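What TrEMBL records for this protein:
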- 10-20: compositional bias 'Low complexity' (COMPBIAS)
- 36-161: domain 'MARVEL' (DOMAIN)
- 1-25: region 'Disordered' (REGION)
- 46-63: transmembrane segment (TRANSMEM)
- 69-90: transmembrane segment (TRANSMEM)
- 102-124: transmembrane segment (TRANSMEM)
- 136-157: transmembrane segment (TRANSMEM)
Amino acid sequence: MMAETHPKSEVSSTVTTSPTYAAPQKSSGISLCLEYFKTAPGIIKIIELVIGIFCMACAAPAWTNGTHWFLFVVVTAFVSTALWCFIYLLNLKNAINLPIDWLLTELLNTAITTLLYLIAVIVQFCSIQQFPGRNIAGGIFGIFNLIAYGIGSFYLYRDWKDSHPHSSFSGSVLKRNP
């Protein structure tokens, strides 16, 4: 009886990360693209819009300067988020042939909006004089939207880092789990 020996085969596996949302391939024109809104960043954008509506409903009309600032930030964030939703919905990133780093532009927009929401929520809570119930509710919804914009900024930063691998910062905290 002879013992059979089998050569050992080495198995190697590589783990690659892909962006949270990969846009459809280049197309020649505007097309309806609903796939983005099934991803985590797309769902976050819809949540930002819905919470923004609640913020506007609770804080309007503005009777104090702090609430004026809060509503300015909320409405500006709502309009910019709605524009980004239309850009993704109509697949304008691929239809418009401009030398724009769309992901970096959206990341900067969302990060600045997050910072402005932080300031606006603090100002809203510090300026509650008339109608404290609805102004507090507007501030609380503002905190929820601040968190949503923060999560959206994180997703955008992670996608931007995945698409620009040769950057100076490579933090291990922000890398995806396999």
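Don't overthink the numbers, they just go from 1 along the chain as shown.
Just so it is clear, glycine is given a Cβ too, placed from its N, Cα and C backbone atoms.
Just so you know, TrEMBL annotations never went through curation; they're auto-generated.
Mean model confidence for the domain 'MARVEL' (36-161) is a pLDDT of 91.
According to DSSP, the domain 'MARVEL' (36-161) comprises 107 helix, 0 strand, 19 coil.
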